[in-house]
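**Student:** The domain 'Acyltransferase 3' feature in TrEMBL is assigned to 37-368. According to TrEMBL, the feature region 'Disordered' maps to 386-417. Annotated transmembrane segment per TrEMBL: 69-89, 110-128, 199-219, 255-272, 284-302, 309-332, 352-373, in sequence order.
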Amino acid sequence: MKFDTDLPLQHPWIREASPMHLPPPVLLTALQQPRLAGLDALRAVAVLLVIVNHLGLDRIGPVMVFDGSLGVELFFVISGFLITWLLLGEHERHGRIALGAFYQRRVARLLPASLAYLLVGMGLLALRHQPIPWGAVVSTVLYGTNYYQAFTGAAAHYLSHCWSLAVEEQFYLVWPFLLAALLRHGRSPRQALGLSIPLVWLYKAVLIFGFGVGEVYLYRALETRMDQLTAGCLLAVLLKTPRWRRHFEQLARQGWPLPALVAGLVLSTSLLRDTGTVADQQLFGFALETVLLCALLPLVLIKATERGATAALLNAPALVLIGQISYGMYLYHPFVVHPVRNAIVRLGGPPAAGILVAIAALVVVAWASFQWFEQPLREWLRPRSLSSDLSRPPHAGTHRPPTRSAPAAPGRPSPAT
């Protein structure tokens with residue numbers, strides 16, 4: 001195993017430290033795995049938070065224990081981190097980012113499940129003789145649901161939750177081009193990302209205090225939610241440097257930061273975003289939670305590769321499965337969770353049993369979609385030229401010159417959020 005000081009440099013903005021005695025680079029080892037241990041557990045937590053929120057189970061009486069929308073924030077941070085990490089790794093291996101292949105992978109990742117959900121939903125509405133929300137359908141197809149809702153109101157229907165998918169895709173229409181341009185000119189993306197986050201907060205303050213913009217727009221617009229995505233991107237850039245990896249490894253060894261971060265997230269969502277004003281929610285709550293989530297993610301990656309109860313929990317097969325099918329669970333839950341729970345309750349079952357059966361049914365539906373519909377279509381749509389090479393985990397802060405004479409190692413590509 002190579003230690004940080006043995007690794008050559010790829011990007012001029014990475015500066016390698018050279019201490020003589022370092023502990024094993026635990027985070028580097030975790031980041032070099034084909035699948036990042038702990039990431040599926042975080043995805044599982046994110047989607048379960050959303051479902052619990054939509055079931056109205058995030059309160060004890062009038063008191064909000066946690067805000068389930070934290071799950072969407074976690075999805076945004078994971079997405080920004082993972083996609084930036086993969087793009088940086090591609091640049092390290094090939095000296096460039098193939099943007100066409102990136103967007104083909106995004107289509108292969110997102111289109112099968114979203115198309116299935118859209119068509120099944122329209123079919124069910126037609127069978128029930130219920131009106132189809134054509135405006136929402138068109139905006140979903142065009143990945144503009146967030147602005148459609150921001151300007152027309154967040155009406156409740158089976159496509160309401162697709163606003164978050166629109167935010168991500170709008171962001172990825174810009175960020176890969178910007179990242180490729182910065183790397184092509186030997187510039188660090190760190191400054192651009194670091195500057196963009198406080199600019200988003202300042203922009204939101206102007207909207208709130210200067211123009212009285214309401215929560216519906218602030219919660220859904222790309223320019224008011226992109227700080228969580230860019231924070232995840234910045235985290236990926238920082239973890240390319242040994243100094244930042246060592247900082248997180250030192251935190252992980254102390255034991256207390258992980259539970260402290262979780263407690264901070266619970267307190268922020270239950271206090272700042274439940275009882276606070278719009279400014280408290282948008283300027284302080286979201287900002288604090290973004291920072292806490294970015295600190296949490298690398299600690300989870302470290303803990304998931306160690307031994308002990310925390311690693312066993314993060315690598316529990318049930319959590320890993322839910323994380324792998326979290327996209328489908330997020331999509332399908334409006335059509336599964338409420339009807340199944342209500343049916344169990346009507347049959348005389350206790351509400352708790354209805355909730356458990358509903359979540360189990362959702363897992364079955366999402367797994368079936370993943371295995372028999374999404375995966376075959378993804379394999380068919382995935383770009384053949386890079387699919388095998390992308391299966392190799394990028395080395396943190398290393399340069400592997402592209403090999404043109406030998407075929408790429410076979411394997412499964414890392415999933416993008």
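Backbone N, Cα and C define each Cβ position, glycine as well.
Automated prediction, rather than curation, is the source of TrEMBL annotations.
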**Student:** Look at every Cβ pair spanning the transmembrane segment (309-332) and the transmembrane segment (110-128), keep those 6 or more apart in sequence, and say whether at least 3 of them are under 8 Å.
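**Tutor:** Judged by the Cβ rule, the two regions touch, with the required three close pairs present.
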**Student:** Near the transmembrane segment (352-373), which residues from the same chain, at least 6 beyond its ends, have a CB less than 8 A from one of its CBs?
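**Tutor:** Residues packing against the transmembrane segment (352-373) from afar: 48, 51, 55, 57, 112-113, 116, 321-322, 324-326, 328-329, 331-333, 336-338, 340-345.
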**Student:** Which one of these stretches, 110-128, 255-272, 284-302, has the most C-beta pairs shorter than 8 Å to the transmembrane segment (69-89)?
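**Tutor:** The stretch with the most close Cβ contacts to the transmembrane segment (69-89) is 284-302.
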